[in-house]
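Peer 1: Have a look at this one.
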Amino acid sequence: MDSILVKGNGPLKGEIPIAGAKNACLTLMPATLLSEEPLTLTNAPRLSDIATMTQLLQSLGAEVAALQDGLVLALSSHAIDNHRADYDIVRKMRASILVLGPMLARDGHAVVSLPGGCAIGARPVDLHLKALEAMGADLDLRDGYVHAKAPGGRLKGAVFEFPLVSVGATENALLAATLAKGTTVLKNAAREPEIVDLARCLRRMGAQIEGEGSGTITIQGVDRLHGATHPVVTDRIELGTYMLVPAIAGGEVECLGGRLELVGAFAEKLDAAGVSVTETARGLKVSRKNGRVRAVDVTTEPFPGFPTDLQAQMMALLCTAEGTSVLEEKIFENRFMHAPELMRMGARIDVRGGTATVTGVEKLRGAPVMATDLRASVSLILAGLAAEGETVVSRVYHLDRGYERVEEKLSACGARIERIRGN
Ligand code: EPZ
């Protein structure tokens, strides 16, 4: 297994291009199942999770070609000959559940493996199933699979209120409702930019959708969707991660393609911590001049609140802040596994349930640490950029799921970072 070596190297300076969003691309790709005509996604991220979704769609009979060095995905589902999403693929990536709604909407039947457990929380899919049942689906959970049927071969429009905000369940229901008979209204729906991007893509394919981003989405079902070309929205989590580079190590970095409205709540916390964020013609410029950042309190919430996917990275920053910060993780019940690793680097963190109290220290020290999940892995790399000495982060396969070319992007800003190939 590969690991990454980081040597603290003082203030960093440069520009970092931000890729297309993993979490948008993973819900855009299954949209191909809703039409027999080609779907082309541009600005696609080059990540192992995208390769897994490609493998899954190909296992159903879809054609998926990665063009232009992987930046363009050409998808076509004119000949779907298998409606079973197998455990062997689904267990690698929970987002695989997002083929359930589109397959059911397309052909009225599907068999999809349940995703199973996850390091950061139980992560059930009950809301995905309840929304599809509201649209008339018959669901039978058997042998670890969801066996789904749409009576009469077609889902029907429905009004469904999510008891809690779920990004994935909103996406599955939105995808399915585009071909349902009648009107669907999704209430207390997720408002994430990835949902807005999905609605935009579906509208390019001929879907009738209103209200995405508002919390209430109305979809007028149509008989068929056509082909389209759609640019994947910028990855706001990758953006936030790289905005933290100058915040943690000092210096100035311009994140190319970044937009403030994608990271509003996060940028406000950086500002409160004494980090300057300015919009430029090409993106967002972030800098921290002198002295330590100030402690700030953070609570994770659904968009437009502070994203849970930036909580670990923010904790890395607050480890060397002036004062004590309180981080509350409200979305996932087990998302502080980076804390003990940061403590190996000299951080002072007290975790009690969903609350972590971080007392800032002058300086972190490099150490061998272990990645436990995607966002935890990058938080350890960020901490290493500001630590004295060497940090070696192992199990970076987690990182490759959501960050492309980290070493290149950070070295371009003067960081001393290299990948150590494992056997
Ligand atoms: C998406 O996961 C993202 N993944 C996650 O990013 C992100 O952390 C999460 O949204 C929240 O923003 C992708 O888009 C592929 P949820 P998702 O359904 O859809 C509970 C990353 O690092 N829930 O909004 O799985 C659930 O347990 C990943 O890129 C149910 O109870 O998240 C959680 O507590 C990690 N029943 C809460 O809702 C359900 O049926 C929010 O989960 C569904 C969810």
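Just so you know, glycine gets a Cβ as well, placed from its N, Cα and C.
Dumping what TrEMBL says about this protein:
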- 7-410: domain 'Enolpyruvate transferase' (DOMAIN)
- LYS22, ASN23: phosphoenolpyruvate binding site (BINDING)
- ARG94, ARG123, PRO124, VAL125, ASP126, LEU127, ASP309, ILE331: UDP-N-acetyl-alpha-D-glucosamine binding site (BINDING)
- CYS118: active site, proton donor (ACT_SITE)
- CYS118: 2-(S-cysteinyl)pyruvic acid O-phosphothioketal (MOD_RES)
Peer 1: By a 10 A CB contact count over all chains shown, which of the binding-site residues listed here is most packed: LYS22, ARG94, ARG123?
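Peer 2: Output for this query is LYS22.
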Peer 1: If you run the three-state DSSP split on ASP126 (UDP-N-acetyl-alpha-D-glucosamine binding site), which class comes out?
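Peer 2: It is helical.
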Peer 1: Work out the three-state DSSP category of ILE331 (UDP-N-acetyl-alpha-D-glucosamine binding site).
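Peer 2: SS state of ILE331 (UDP-N-acetyl-alpha-D-glucosamine binding site) = coil.
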Peer 1: If you measure every Cα to Cα pair among ARG94, ARG123, PRO124, VAL125, ASP126, LEU127, ASP309, ILE331, the residues listed for UDP-N-acetyl-alpha-D-glucosamine, what is the largest value in Å?
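Peer 2: This binding site's residues have a maximal Cα-Cα distance of 22 Å.
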Peer 1: Applying a 10 Å Cβ distance cut-off over all chains shown, what neighbour count does ASP309 (UDP-N-acetyl-alpha-D-glucosamine binding site) have?
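Peer 2: Here the count is 23.
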Peer 1: Ranking the recorded positions CYS118, VAL125, LEU127, ILE331 by other Cβ atoms within 10 Å, which is at the bottom?
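Peer 2: Counting other Cβ atoms within 10 Å of each of the recorded positions CYS118, VAL125, LEU127, ILE331 gives the minimum at CYS118.
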Peer 1: Cα-Cα separation of VAL125 (UDP-N-acetyl-alpha-D-glucosamine binding site) and ASN23 (phosphoenolpyruvate binding site), in Å?
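Peer 2: Roughly 17 Å, rounded to the nearest whole number.
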Peer 1: Under DSSP, is ARG94 (UDP-N-acetyl-alpha-D-glucosamine binding site) helix, strand or coil?
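Peer 2: In the DSSP reduction, ARG94 (UDP-N-acetyl-alpha-D-glucosamine binding site) maps to helix.
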Peer 1: Can you tell me the CA-to-CA distance separating LEU127 (UDP-N-acetyl-alpha-D-glucosamine binding site) and the residue listed as 'active site, proton donor', as a whole number of Å?
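Peer 2: Given the Cα positions, LEU127 (UDP-N-acetyl-alpha-D-glucosamine binding site) is 17 Å from the residue listed as 'active site, proton donor'.
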